[in-house]
Amino acid sequence: MKRIAVLTSGGDAPGMNAAIRSVVRVAAAHGVETMGVQQGYAGLIAGAFTPMTVRSVGGIIGMGGTVLGSARCPEFRTEQGRRQAIAQMQAHGIEGLVVIGGGGSQTGNLMLHRMGFPVAGVASTIDNDLYGFDQTLGVDTALNTALESLDRIRSTASSHHRAFLVEVMGRDCGYLALMTAIAGGAEQVVVPEVETNPDEVARELRQAYERGKSHAIVVVAEGARYNAERMAAHFREHLDQLGFELRVTVLGHVQRGGTPTAFDRMLGTLSGAMAVELLLSGRYGYIAGWLAGKVQALPLEEVVGHKRELDPKVLQLAEVLAQ
Ligand code: ADP
C-alpha cells in the first residue's frame, strides 16, 4: 500500500485527533501517504480528500473534537453511495481506509469491507456502546467531564436542599450514566437497560429526605424511557411529596467537548497505530480498541450488530452504594 485515507464519522469524541495524528505518522514511518477525508462518509462520497503530512498533524493531540470534521451521511447507507465512495478512493489512488467512529460508522465500514475494499477501524464513541470492547475512545474524557459537572451540582444542591435530575449522554446505552453515578456518588441511576418506575424514584427521594440527606442526585441516561424531562414532568404533579425542591440539568454536548484525558490520548494513539499496522499487514476488516488492559483488534463482523450489555454486578453495586 502506498496511500491510505482516514476519516472520523458519527458523533465526535475526545481523542479522535490523537488517533488521526497517529495514523498519519505511523503510515509515514512506513513510507505510506495519508489522505484526510473531510466530514466522514459524506466527504468520502464527494471525494473531499486532503493530503496530511507529519507536520499537518502537529499540535492536535490535545485538541477535542476532530480536525477532519464529522457528519452523519444517509447516502452512505445505500449501496450506490458506498460504490461511489469506493470509486472516489480508487480514482485518488487510495488503497486502504481507517474509520474512526462508533457503532453506526463501523457498520458502514463493515459494508465497505464486504464489498472488498481494505478497511480498518478505531473504536471511538463516548457512548461506549460498541460490543466486544471494554472502553471506547472518548469515554474516559466524557466521564470525567460529567463527573466535574456532578461535583459542582452537588455543592449547590446541598446548600439548598435540592434534588437534581442530571441527564448524561450515551444514546441507548446506560454505561456513561452508570459510571457517572458510581464515581460521582449519586443517590440513584436510571438507565435504558432497566425498566424504571418513576414513582419508585420519587419514593426513594422522599426516603433520602427523611433520612436527613442534604441533597439527592439522580443520574438519568438520555436514552432511558423516563429521561430527565419526562421524569420531571411525572414528578411535577406530586412535587410536595418529594421533600426536596427539584431541579433538572441536562449536561448535553459539554460531555463531547474538551481536551482529551491522558488515557484517551494514549488510547487514540495506540489504536490509530494498530489500525495502520492491520492494513499494512493485509489483515482487513478489523477494528482496534481497548480490551482486557490493552489495545486489541477484533473482526468488524464480530463487533457490528451486537448489543453491549451493562455488567449486572456493577448495576447492583450502584444500588448498594447509594445509602
Ligand atoms: P456513530 O458512528 O457515532 O454510531 P451514527 O450511528 O450516526 O454514529 O453513524 C454514522 C454514519 O455511519 C451514518 O450517518 C451513516 O453514514 C453510517 N452508517 C450508519 N449505519 C449504517 C449502515 N447500517 N450502513 C451503512 N452506513 C451506516
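Heads up, the Cβ atoms here are built off N, Cα and C, so glycines get one too.
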Practice prompt. Going by TrEMBL, Arg21, Ser22, Val23, Val24, Arg25, Gly185, Ala186, Glu187, Arg211, Lys213, Ser214, His215 bind ADP; tell me which of Arg55, Arg154, Arg247 is listed for that site too.
Written response: Arg154
Worksheet, complete the sentence: Among Gly11, Gly132, Gly138, Gly170, the candidate listed by TrEMBL alongside Arg72, Cys73 for ATP is Gly11
Worksheet entry | Same chain, 6+ residues apart, C-beta under 8 Å of the C-beta of Val254 (substrate binding site), given in sequence order | Thr145, Ser149
Worksheet item: Near ligand 1, which of the binding-site residues Gly11, Cys73, Lys213 are found, taking a Cβ distance under 6 A to any of its atoms?
Response: Gly11, Cys73
Practice prompt. Look up Val23 (ADP binding site) in the DSSP assignment and reduce it to helix, strand or coil.
Written response: helix
Worksheet item: Can you give the mean pLDDT for the domain 'Phosphofructokinase' (3-279), rounded to a whole number?
Response: 95
Response to the item:
Min neighbour Cβ count (10 Å) across binding-site residues Arg25, Arg72, Lys213, His215, Arg256 flags Arg72
Item to complete: Count the Cβ atoms, other than its own, that fall within 10 Å of the Cβ of Arg171 (substrate binding site), considering every protein chain shown.
Response: 19
